[in-house]
Amino acid sequence: MMFQRKLFYVLALVVASLHVAVAGDPDILTDYVVPSNIVNLTSDLFTFTGMRVIINAPPPPAFKVLKASMAEFPGLNGQSVSYAILQYPTGSVNPPHTHPRASELLFLLMGTLEVGFVDTTNKLYTQTLKQADMFVFPKGLVHYQYNPDPKNPALALSAFGSASAGTVSIPNQVFNTSIDDNILAKSFNTDIATIQKIKLGLRC
Ligand SMILES: *[C@@H]1O[C@H](CO)[C@@H](O)[C@H](O)[C@H]1NC(C)=O
Ligand SMILES: *[C@@H]1O[C@H](CO)[C@@H](O)[C@H](O)[C@H]1NC(C)=O
């Protein structure tokens, strides 16, 4: 009896964690979510015009992301989708990062991109994308993009399976926070001077 009860609890925990692992954003019990500061609900809540800035704009000097997630576009709350426009000048990189709450479907609109992700077995998958190609970065895995073209910029549109995918930048979160130098030196099997040199490069 005792054993069965324990088994039941273990199974309940496994089912609960599986649910977390497969779930997207939480389901809402209404058609949409109206922010409390909106008095008159109109189609404006469901419209985002923030990407118009890219029309005829000069290419950015460095890699640039324009997000249309719940923070910029409140109408996405509860809808489990969002977009980002990614602009890559020649030779620029979107450094290794993860999105803890969503998989990412990248659509290359212009140029060439070298992309890659690493799975939980530490296996690297890479691809060179040409214009109109798509690539999916599985949820939560470390990935990057790089424009190797010496002449042409690249432009991509990424869709996310969450209204708030979140971004964890590996260089920034590891070397641009106050994690102790000694802990990082031990973790990367190197010396403190090397860690400090890397940290210095990120403090812009
Ligand atoms: C909301 O709509 C009503 C009726 O159309 C109007 O009288 C009121 O001024 C509007 N309020 C705001 C804050 O726009
Ligand atoms: C490192 O952190 C500082 C302070 O938070 C920030 O201004 C800077 O942009 C960060 N560097 C990078 C490469 O993200």
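Every residue gets a Cβ built from N, Cα and C, even glycine.
No curator has checked TrEMBL annotations; they are predicted automatically.
Over in TrEMBL, the protein carries these features:
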| type | residues | note |
| --- | --- | --- |
| BINDING | Asn94, His99, Glu104 | oxalate binding site |
| BINDING | His97, His99, Glu104, His143 | Mn(2+) binding site |
| DOMAIN | 49-196 | domain 'Cupin type-1' |
| SIGNAL | 1-23 | signal peptide |
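Feature map: TrEMBL annotations on the structure.
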residue : record               : Cβ contacts under 8 Å, 6 or more apart
Asn94   : oxalate binding site : Phe63, Val65, Leu86, Tyr88, Tyr144, Gln145, Tyr146
His97   : Mn(2+) binding site  : Val142, His143, Tyr144, Thr167, Val168, Ser169, Ile170
His99   : oxalate binding site : Phe137, Lys139, Gly140, Phe160, Ser162, Ala165, Gly166, Thr167, Val168
Glu104  : oxalate binding site : Val136, Phe137, His143, Ser158, Ala159, Phe160, Ala165
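Highlighted in sequence order, Thr98, Phe117, Phe137, Leu141, Val142, Ala165, Thr167 have their Cβ within 8 Å of the centre of the Cβ atoms of His97, His99, Glu104, His143, the residues recorded for Mn(2+), and are not part of that set. Those residues of the chain, other than Asn94, His99, Glu104, with a C-beta within 8 angstroms of the mean position of the oxalate site C-beta atoms are Ala84, His97, Thr98, Leu106, Phe137, His143, Gln145, Ser158, Phe160, Ala165, Thr167.
Mean model confidence for the domain 'Cupin type-1' (49-196) is a pLDDT of 97.
The domain 'Cupin type-1' (49-196): residue composition by secondary structure is 26 helix, 55 strand, 67 coil, according to DSSP.
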